[in-house]
Amino acid sequence: MTTHDWKKSSWHSFPAQQQPNWPTGPVFDDTLKSLSQLPPLVFAGECQTLKASLAEAVEGNAFVLQCGDCAEDFSRCTGPDIRELLKVILQMSVVLAFAGEKKVIKIGRIAGQYAKPRSSDTEIVNGLELPSYRGDMVNSPEPNLESRTPDPRRMLEGYYRSAATLNLVRSFTLGGYAALERVQAWHRASLDALPAGQKYEELVRQIWKTINFMSAIGLDPQHVPQLNQVTLYTSHEALLLDYEQALTRMDSISGGWYDTSGHMLWIGDRTRQLEGAHVEFLRGIQNPLGMKIGPKYDIDDIKRIIERLSPDNEPGRLTLITRFGVHKIEEYLPPLLRELSREGYKVVWSCDPMHGNTYQNQYGQKSRNFEVILQEIRSFYQIHKAEGTVPGGVHLELTGDNVTECTGGSRQLMDQHLHLNYQTNCDPRLNAEQGVELAFELADLLHPHL
Ligand code: PEP
Ligand code: CO
């Protein structure tokens, strides 16, 4: 089965889950043609560098911090929104690198996270059956038929917004904003009153001491690239296969195929069928891949998918992102770790503590609780320790905005507070404060001397 030739279009011969009912006709065809002629968003060389870094995480020598929106929103593709998300990622990574003493690989759910799998094709709103909202690259969330009808031109819009986002990310990360000397500028005043804010202030002091020490012994911090630039890689769920195919190009240097829509692509828990179109498409591209695994997995199935997606067992190629929920992780993670390490698969193990812990509150909002999220991460670490395997990172839904979508944290947000600033069109995200708090907790887990 695996032996047939791969083409960027070969997925068309396999059943594809979770695809919108795109209207057929010239608009759809012309959109894909335009997309296939537009410049790549990322380069093959960057994907290879990310893969090499991820190989370090396989061994436990680096930590993967993958985070961003559940679904990016076209209307939130603004300078301040992008800057605020970047700030919280920089803050969290400095906490993890300095307090946790680990190299941090930063990957955003950003610049392309515009399409969502849904449990049902349609939903009933006010007695009306409408197509489900599938992300801004497909349709619009307003509950009327016109907004909900999939519009192929949104793929083009998604491409341009991804390009604009990535352009600003590159300017921020390479143009001085991310220099470690600015560690204080990433700080947000609202954190001051919280324990995490005080810890962050202390960290800033220690970093300044280190930078001053470097200067004192004659090392000029201005000339140490690692202190002045960071790399934020992009990632999204490779869901809309027509879009992904249109962005897939052959790298002229290596001769390999790369999906240039983002550095890392992941396959969702709902689309990872062994004989499905998503596995078929992803097996042929050379980007580093992620795969979500929820509690309904079948171990033999997982093994066959791993062999198909990573036939050479190249470290860094595959990140397995487990999302069991706090009540299920102890049942489902240990057998998976045992069986896959017995097979000798070299994968990064990442913990998504979000998707197994969603609940609906009495006001009809979807939420997640900070302490529960943290508890799943703690269990993830404990289980890896017990099994002698390597916990490699976390996968979070997070925003730089001051939203009230997840309960808990040191502000002790409760369900009745969530209406204050509940913004998400999809899943509830940690806000910036909760993100920094989580990073300090994680740093304790990562610390090599504990
Ligand atoms: C997601 O990451 O937003 C998502 C839909 O996850 P999963 O595939 O794990 O359900
Ligand atoms: Co989500």
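Cβ coordinates are placed from backbone N, Cα and C, and glycine is handled just like the others.
According to TrEMBL:
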type	residues	note
BINDING	Cys70, His355, Glu397, Asp427	Mn(2+) binding site
BINDING	Arg109, Lys292, Arg323	phosphoenolpyruvate binding site
COMPBIAS	11-22	compositional bias 'Polar residues'
REGION	1-22	region 'Disordered'
Cβ contacts of Arg109 (phosphoenolpyruvate binding site) (under 8 Å, same chain, 6 or more positions away): Gln66, Cys67, Gly68, Asp69, Cys70, Glu72, Ser235, His236, Glu397
Residue among binding-site residues Glu397, Asp427 with least C-beta crowding, 10 angstrom cut-off: Asp427
Distant-in-sequence Cβ neighbours of His355 (Mn(2+) binding site), under 8 Å, six or more positions away: Asp269, Lys292, Gly294, Arg323, Gly325, Asp427
Cβ under 6 Å from ligand 2: qualifying binding-site residues of Cys70, Arg109, Lys292, Arg323, Asp427: Cys70, Asp427
Distance-selected binding-site residues near ligand 1 (C-beta under 6 Å), from Cys70, Arg109, Arg323, Glu397: Cys70, Arg323
Site extent for phosphoenolpyruvate (largest Cα pair distance over Arg109, Lys292, Arg323, Å): 16
Extra residues within 8 Å (Cβ to Cβ centroid of Arg109, Lys292, Arg323), phosphoenolpyruvate: Glu237, Trp266, Gly268, Asp269, Gly290, Ile321, Asp352, Met354, His355, His395
Remaining residues near the recorded Mn(2+) site, that is with C-beta within 8 Å of the centroid of the site residues Cys70, His355, Glu397, Asp427: Met354, Thr358, Arg368, Cys426, Pro428, Arg429
Per-state residue totals over the region 'Disordered' (1-22) - DSSP helix, strand, coil: 4 helix, 0 strand, 18 coil
Lys292 (phosphoenolpyruvate binding site) CB neighbourhood, other CB atoms within 10 A: 23
